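*Asks:* Shown below is the structure under consideration.
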Amino acid sequence: MGCTEWVESNQKNKPQSNAIGTGVLTLLATGMYHAGTLYDPGYNNHDWTYNRSDSAILVTLLLFHIAAILGSITGWFLIERYTKKQINFVIISLVVIGCTVSIALPDNLIGVAFARALMGIAHGMAYLVVLIHGGEILIKELRGVIMAAVNFCIISGVLIGGAMNTVELESLRPYQVLGIIGLVYMPIAFFLNLIVCYESPVFLMKRNLDSDAIRSMMKLRNESSETWEIRNEMTEFKTMLSEDASTTRSIFQEGNLRPLVLIALGKIASVLSFNYAVNTIKVNVIEEVLDIDETNARLSIVIVTSIRMIVGMCAMFLADVLGRRALQLVSTVSTGVILVAMGIAYIATDSITPDIGMAIFLACEVGASLGLTFIPDVLCSEAFNTKKKALSIVAVQVLENVLHCAVFAVVYKWDFTVYDRYGGTLLVAGLPLLVIGYMLYRKLPETSKMSIRQARIEFYKREGIVFGGSKNSVEVLFD
C-alpha cells in the first residue's frame, strides 16, 4: 500500500479510530498520574509529602498501580455484560472525580491518594476496553498503527505528568495542573463516546444481534450499504465465534498459554526498559551534563520521555509495514545490549564521562522506542480466543502493574549516585531482555495484515513461524 492509498484508507476508516477515542483520551489523562512511579520529580518538595513518612508516600504513589489492577479486574467483569459506551461513561466519571479531587486537595496526602486510586481504576478499565474494542473493529491494514497509538498516548501522558510534577506556579500546585489538564480532555471524550462510539460487531453477534452487528459494521467501515467486504468480515467473525463456542474460558488451555506467555514476556521487557530505576539513572546522567538545578532536572525528564514519544510515534507507522515481530526483536535486543554494556562499563570503571553516558542512554531510548512498549499492546488486541481474551489481557496487565510496584518499592529510597549501583541495576534490567529477545525470536509469529482470526491461529501454532496468514481451522491447532 502506497502513501496515498494509506492516507485514503485511513481517512475512509476514520470511524474506527473515533470509536476508541474516548478510551485513548482517558489513557492520555491517566498516563499523567502513571509518571509518578516512572520518575522522581522531587516529591520531597511537594506540600502533600511534608511531615509524612516514607512508607506513606510510597503507598500513595503505588496506589495508582494497585488500583489499576482492580480496574482491570472490574473491566473484565463489566465488558462481557455491558456495552463499551456504558463502560466508557463509568470511566469518564472516575476520571472527572479524580481530577476534581486533584484540583481541590493538591496538598493533602489523603486527597492525592484518593485521586491516584481513582485514576488507576480508570486506567486499568480503559486499557482493557480499548485493546478489546480496537482489536475487534479495526481493519487488518490499520490495526497495528492505531493500536500502537494507544501506547503513544500513554507515553504522551507520562511526558506531561513528568514535566508538570516539577512545576509549581504561583497559584497552582502540580496535581492541580494535572487535574485541570485531565478535565480538559473529558468533555471531548464524553461527546466522542456519545456520538461515535460504535459497538463491536463481535460483541453484538455473541448476543445474536446480527442485524445490529451489520449496521455497526457499516458505520465503522463508512459504507452506506452492506458490501462484499463487510459480508466476508461478518462471515469470518461468525466462523471465529463458532470455533470459540466449543472452548472453555480457561486461559491456560486449548492453545491460549502460548500467546499468553509470549505477550507476558513482551510486557516484562517493556517494564525492564522503562521503569523507575532505569529512568532515574538516565535522568541523573543527563543532569550531570546539564548542570543540576530544578529547571534542568525537569528538562532531563522531558528529554528522556520526548525521545521515547517522538521515535515511538514514527515507529508505530511501521507496525503494519515492517511487522510486529521485526520491531519487537530489534527493540528488545538493541535495548538489552546497550543496558548490559553500560552495566558492565559502570562496574568495571569509573571513567565514563557524563557526555558519553548521556549519548549512549539516548541511543538506548531510541532503541527502546521502536516497539518494546507498544508491540505487546498490538498483540494483545489480536492474539487471543474471544472467550479468553478479556481475562488474558487482564492477566498481562496485572503482571505489568505488579512489576512496576515491585521495582518502585525496592528502589524508591536507593541512593543512585554510586556507579556500582548503576552497573548492577542496568545488568539486572539488560540481561533478561537478551533472554526474552531470544525467546521471542524463536517463538513470536508475525501477524501484520491478518484478520484477528488468522492472527490468533498463528499464535496457536507450535512450529513453523511464518510471515503470512493461515486459513487452517483452529481446532487442529489446539494441544
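Glycine residues also receive a Cβ, built from the backbone N, Cα and C atoms like all the rest.
Below are the features listed in TrEMBL for this protein:
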- 1-448: domain 'Major facilitator superfamily (MFS) profile' (DOMAIN)
- 19-36: transmembrane segment (TRANSMEM)
- 56-79: transmembrane segment (TRANSMEM)
- 86-105: transmembrane segment (TRANSMEM)
- 111-132: transmembrane segment (TRANSMEM)
- 144-163: transmembrane segment (TRANSMEM)
- 175-198: transmembrane segment (TRANSMEM)
- 259-278: transmembrane segment (TRANSMEM)
- 298-319: transmembrane segment (TRANSMEM)
- 326-347: transmembrane segment (TRANSMEM)
- 359-379: transmembrane segment (TRANSMEM)
- 391-412: transmembrane segment (TRANSMEM)
- 424-441: transmembrane segment (TRANSMEM)
*Asks:* Given pairs 6 or more apart, does the transmembrane segment (175-198) have at least three Cβ pairs under 8 Å with the transmembrane segment (19-36)?
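*Replies:* These two stretches do touch.
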*Asks:* At least three Cβ pairs under 8 Å linking the transmembrane segment (144-163) and the transmembrane segment (19-36), pairs spaced 6 or more in sequence?
*Replies:* yes
*Asks:* In the same chain, which residue numbers or ranges, 6 or more beyond the ends of the transmembrane segment (298-319), come under 8 angstroms Cβ to Cβ?
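*Replies:* Contacts with the transmembrane segment (298-319): 39, 41, 144-145, 147-149, 151-152, 155-156, 158-159, 162-163, 166-167, 274, 279, 282-283, 286-287, 290, 327, 361-362, 365-366, 368-371, 373-375, 378, 448.
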*Asks:* Please average pLDDT over the domain 'Major facilitator superfamily (MFS) profile' (1-448) for the predicted structure.
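*Replies:* The predicted confidence over the domain 'Major facilitator superfamily (MFS) profile' (1-448), as a mean pLDDT, is 89.
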*Asks:* Most CB pairs under 8 Å with the transmembrane segment (326-347): which of 19-36, 56-79, 359-379, 391-412, 424-441?
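*Replies:* Top-ranked stretch among 19-36, 56-79, 359-379, 391-412, 424-441: 424-441.
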*Asks:* Tell me, please, if the transmembrane segment (424-441) and the transmembrane segment (259-278) are in contact, taking contact as 3+ Cβ pairs under 8 Å between residues separated by 6 or more positions?
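*Replies:* The answer is yes, given that the two segments have at least 3 Cβ pairs within the 8 Å cut-off.
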*Asks:* Between the stretches 19-36, 259-278, 359-379, which one has more Cβ pairs under 8 Å with the transmembrane segment (391-412) than any other?
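*Replies:* Maximum Cβ contact count belongs to 259-278.
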*Asks:* Same chain only, please: residues at least 6 beyond the ends of the transmembrane segment (259-278) with a C-beta under 8 Å from a C-beta of the stretch. Say none if there are none.
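*Replies:* For the transmembrane segment (259-278), the far contacts come to 37-40, 251-252, 308, 328, 332, 335, 339, 368, 372-373, 375-376, 379-380, 383-384, 392, 395-396, 399-400, 403-404, 407-408, 410-412, 414, 416, 425-426, 429-430, 432-433, 436-437, 439-440, 443-444, 456, 459-460.
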